[in-house]
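Below: one structure, written as structure tokens.
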Amino acid sequence: MRVGIGIDVHQFVENRKLIIGGIEIPHTMGLKGHSDADVLLHAISDALLGAAALGDIGKHFPDTSPDFKDIDSRILLRHVGKLIADEGYTIVNIDSMLLMERPKVAPYIVAMRESIAECLDIETSRVSVKATTNEKLGYIGRQEGAAAHAVCLIEEK
């Protein structure tokens, strides 16, 4: 068994959709990034890649490549899932935490879990998504950005 950890941070900006966990969430701002800036899927992707010692998402999907400009991060996560499988691993579980003040995402967590599970072809019961605020502290508390942390466990097939 192997453990991976992933962390991602993105800044809030105007005139962008807010996509988290593959789900569009109504909000006045979105996250800035080369792709769709899905902070949660990026953290999960990094955790999985790290568990298999395959580097990080920057190595596989560089932000200097026009191929990944505004790309749906679900496409990236599906590719990561294939890389993990090709290396001979299966995903045991994923646990993730979203850190942001607003908007509240509780109504979307089930859909996020289902989206992540579908991308990775695993049962929804293997995916945990939680959310918390930063108690108005720091850049997250000032609603300047959002962060996500993820850990995963993979095992050889």
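Even glycines carry a Cβ here, placed using N, Cα and C.
Per Swiss-Prot, the candidate among His42, His60, His79 that belongs to the divalent metal cation site alongside Asp8, His10 is His42. Those same-chain residues not listed among Asp8, His10, His42 yet with C-beta within 8 angstroms of the centroid of the divalent metal cation site C-beta atoms are Val9, Leu31, Gly33, Ala37, Asp38, Val39, Leu40, Leu41, Ala43, Ala147, Ala148.
Using Cα positions, the member of the recorded positions Asp8, His10, His34, His42 nearest to Arg142 (4-CDP-2-C-methyl-D-erythritol 2-phosphate binding site) is identified as His10. Of all the binding-site residues in the list His10, Ser35, His42, Ile57, the shortest Cα-Cα distance to Thr133 (site 'Transition state stabilizer') is found for His10.
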